[in-house]
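Note sheet for the following structure.
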Amino acid sequence: MDKNEYVKRWLWHAFNGLDSEGTVDPQQLKVLTAHVGASLGSENKGNIAHKVTERYRCESTLAVCFSNYLEFLDNEGFLNNDKVDLKKLEETLWALCLTDYQHRDHKMVADPELRKLWQIFNFLAEPDSLPVAIDREEMVLLTEKLVLAMGMKWDLSRFDHVTKNLKMFTFTKMMVCFESAFARDMDQMCIAEAVMEVYDEIIEEVEKKGFLHKKGHVMKNWKERWFVLKPRHLTYYTSRKEKDKKGDIHIKASWKAEIIDDQKNYDNCFAIWTDDKSDKDKSRYELSAADPRTRQAWMIALRGIITREQTKGTGQYGKLLERRARRKKEREEEEEQKRLMEEEKRKREAELREDRRRQEEAKDKAERELAKTKAREEEERKRRQEEEEARQKAEAEREKANKALLQSEERLKAEEELRRQKEEEERLRREQDEAERERIARERDEIRKALKEASERADMEAGLKEAEQRRLAELEETLKRLQMSLDEEKRLRLEQEQARELKQRLLDEEMQKREKLEQLKEEQARLLAQEQQRREDLEIKSEELSQEFVMQEAKLEEERSKLAELETQRHAADEKLQAAMDKIEEAEKKRKIIQKKRDELSKKNTSLGLAQTIKPKARPLVTHRGLPSSAFSKFGPEASPQQTDQDKPKDDKQTGENAMNSQAAANGHL
């Protein structure tokens, strides 16, 4: 995915965290820009904040919308700048919007897992859409993965009941849905494990992970390692914390996975290998699983990766693109349908307007015809009035003619002829008037019919006007309610201003703390580099020690054989010593018996008053160390027999001690 798309989504979250209304005060915008500029380094941090100040100096009282701010960053070259530290920018913007996301109901997810869900949300978000949101289909997929990872049963009907058929989900709506409906009674450790599993699957694209025994390269012994399988990579570590990386196996289309015979003390063995000679790395790895089921799971995962490499298949991201392409096509079809419906609607409205125009024209025409008819009636009335006046005048003249008729017959004939002519003209005129009246009656009927139709249309228009008046009254009522809502919003806006000032102070304090943390982070990075160098030196020494260990093993085996031989000799010497000790103990018993007899004989001689018997001169016991020193120091060569007999037990005791000292010396030599 394009990094600009990620940057826009991060910026939108931070922008929305400052003000959810979609606009931000320029002073707050300056603080946000300072944080954004920190990802470019300390030199550019102040420059971009200064440009914000210059840009919005004249508009300091007006709030700025996100599109204008994004256009400003694009013009400054921030979005396409390769020097931007994306990791640092993400951490900074996450810290800005975290405070807003922490104030939510049913809080069950801890902050570290909340950030992972935030990253998953940004990965699944719809491209080029504001506000940033994910589609319902991807929301269902993500929630299902989380629920199954927590060990629960997935229920789509429950999800539909909770979401009430929402089509798009912002991050806040997503967290409310997950925490209130599915994670309410769960342990935080269980939720953390589930989030980590889904994060590895979607973001890290981890296919499988777990402990396996691996056969060594140089030393052919087996060691337990933590393996992590991703597309084209099988990495192994010393522990599941995934900090001490020991190796990386690059899996290509030419690799194979197969089950092999069990090794000594290691069952459920399998191997991954390749016969491609162009591969410079090690071409065969032998592994051992804890049980057949685990081995089969690893075989399926490895063969799936190899098959994907052979067929150029797609992983999680490819499936996401396919779903988005399918939804885009569906949206285009829906938009096309909407466009056709709107076009049809516009046609109907145009036809309705044309009908109205025709009705108005017919109404105008009827009014004009009515006016013309009235004008004709007025003219006819005037003409009849004139004719009545002429008739009255003719009657007067006829009376005069009758009077004159009496006076003159000729004039009467002439008058009679004139009268007949006038009567004929009057008859013709009356016929014409009758035809004109019939024509006027027909026109009047047509006008009445047109007026009736016009009145019906006028009634329809009056009904529409009444509906518009009712709607206008409703709109006025809505306007009053909106005015009340606006007053309430102004009050809330004032409270938000106070909250923003408090948030500004907190942001300043957070900025100071962040600078200290940055210094500590640099120090930790330096120490980590030193530790890494020391580990590399230790690995080199470890290889040298392993070679010395092989030589020491050979020497140790030789010394063991010598030790076994000496052990045999020691056992023989112990047996000889035990025989000597038995003989000494037997001699001691005999000496005590003889001494007892001598004491009894001496007591008898004393009681009888006899002189002591002459006893032979005692000679000291000679051992392998020579004569005892007590024989010369105490008694001398001329010691009396009585003294020699009294000291004899001491000489025998000394002899036993000398024998024991000799045995101890022999053991020490061995």
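In case you wondered, yes, glycine gets a Cβ from its N, Cα and C as well.
Straight from TrEMBL, the features:
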- 336-443: compositional bias 'Basic and acidic residues' (COMPBIAS)
- 645-655: compositional bias 'Basic and acidic residues' (COMPBIAS)
- 656-670: compositional bias 'Polar residues' (COMPBIAS)
- 205-307: domain 'PH' (DOMAIN)
- 313-443: region 'Disordered' (REGION)
- 559-583: region 'Disordered' (REGION)
- 595-670: region 'Disordered' (REGION)
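With helix defined as DSSP H, G or I and strand as E or B, the domain 'PH' (205-307) counts 16 helix, 44 strand, 43 coil. Residue counts for the compositional bias 'Basic and acidic residues' (336-443) by DSSP state, with H, G and I taken as helix and E and B as strand, are 107 helix, 0 strand, 1 coil.
Averaged across the domain 'PH' (205-307), pLDDT in this predicted model comes to 87. Each residue in the region 'Disordered' (559-583) gets a DSSP state, and the totals come to 25 helix, 0 strand, 0 coil.
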